[in-house]
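Per Swiss-Prot, the features are as follows:
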TOPO_DOM  1-81  topological domain 'Extracellular'
CARBOHYD  36  N-linked glycosylation site
CARBOHYD  40  N-linked glycosylation site
TRANSMEM  82-102  transmembrane segment
TOPO_DOM  103-119  topological domain 'Cytoplasmic'
TRANSMEM  120-140  transmembrane segment
TOPO_DOM  141-156  topological domain 'Extracellular'
DISULFID  155-247  disulfide bond
TRANSMEM  157-177  transmembrane segment
TOPO_DOM  178-215  topological domain 'Cytoplasmic'
TRANSMEM  216-236  transmembrane segment
TOPO_DOM  237-270  topological domain 'Extracellular'
TRANSMEM  271-291  transmembrane segment
TOPO_DOM  292-298  topological domain 'Cytoplasmic'
TRANSMEM  299-319  transmembrane segment
TOPO_DOM  320-332  topological domain 'Extracellular'
TRANSMEM  333-353  transmembrane segment
TOPO_DOM  354-472  topological domain 'Cytoplasmic'
């Protein structure tokens, strides 16, 4: 029996980065019987599976899962593919609009660009913008039953760009979580130094040092993301399978003494470790430390928004307690949003790793998850790129005000000179009187105030902004 005689088409499942072959599944009841009965058939199917760098499950042959519904299963799978393609286009449109808006607002506001934390926000918007530009390619591929019509060169380019920006996005989210906590600690250290008579130059040098360090860190993040994407640049290629051209990861056999299965499993393992587990650990640690910092600090006795007196003895006022509650909710959103967006896809990828390393057997349940659950997990992971602009920027008052001014200018161009597009921003109304998380004697140093979740605010009008209700 020749493998080419199998009538059902090949099915290729893409992982969250949209760039690698996750599994080549094809199991028909007819060929299942032949594969179990014919040594030659099993050998040829095994050769095809290993040619793709995959492991052929026992008794598997191109088509549908064992006991599958044949044409009914094919129709359901086609509907899923079309739905996933439509979602890709929607995510692409929303991601382009949202991230372009963030980039425009950052470019328009001279004061905002001086902030080290906003440098991370700008780079995050840039990487998400580049990432969603690759989604139309994967949408077309899904709609065409995973056939790749764009050629080998575009396969390599799109695969690497997708992977690099996936890593860069996660790395920048992690860097922002570190920066949020570090800004609080640095501001407190600067305040104590000035308290010893070292002057305002310390605060200025701290700001300049943080800005320079942020630029260096951004460069390192982009370099790390490019390095992590080298396997895509080297091993992404097009291969003809059953007469169809597919874009997939194809590792050489016996590379450095290891077979294709090992390298494909190692490739997936890198994505799980660098793209999920390590960033999640750092993000969770930073925000847990931040919440602990807020809970342990003795806050300046203040008056809340309605004039209620602060708690005596240096304790938290009602307004300060409300502020702490707000930050705690923000941190919860941060961790949960990252966890929920990436967990389903990374869990299925981990399952794939265990199969490739022969830790668990291939099963029909795994096949069904790859066919139906995996595409949904991919969409959920991709949606992160259009959620970031909302969660990081547009929930903040100054960004909403800038957006309102921009829309007003577009709607009334003849009145532009009457209402210029300025960068004036103020803290949220509920933050008045409780925007400082400082030592008890901080009132004597009004030029620098700081409040969670790590935003440094200078009373002279400069703000080191990061939305308190942002995500990641």
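Note that Cβ sites are derived from N, Cα and C of the backbone, with glycine treated the same way.
Between the transmembrane segment (120-140) and the transmembrane segment (333-353), fewer than three CB pairs separated by 6 or more residues in sequence fall under 8 Å, so the two stretches do not touch.
Cβ packing within 10 Å was compared across the disulfide-bonded residues 155, 247, and the lowest neighbour count falls to 155. For the topological domain 'Extracellular' (237-270), the mean pLDDT of the prediction comes to 84.
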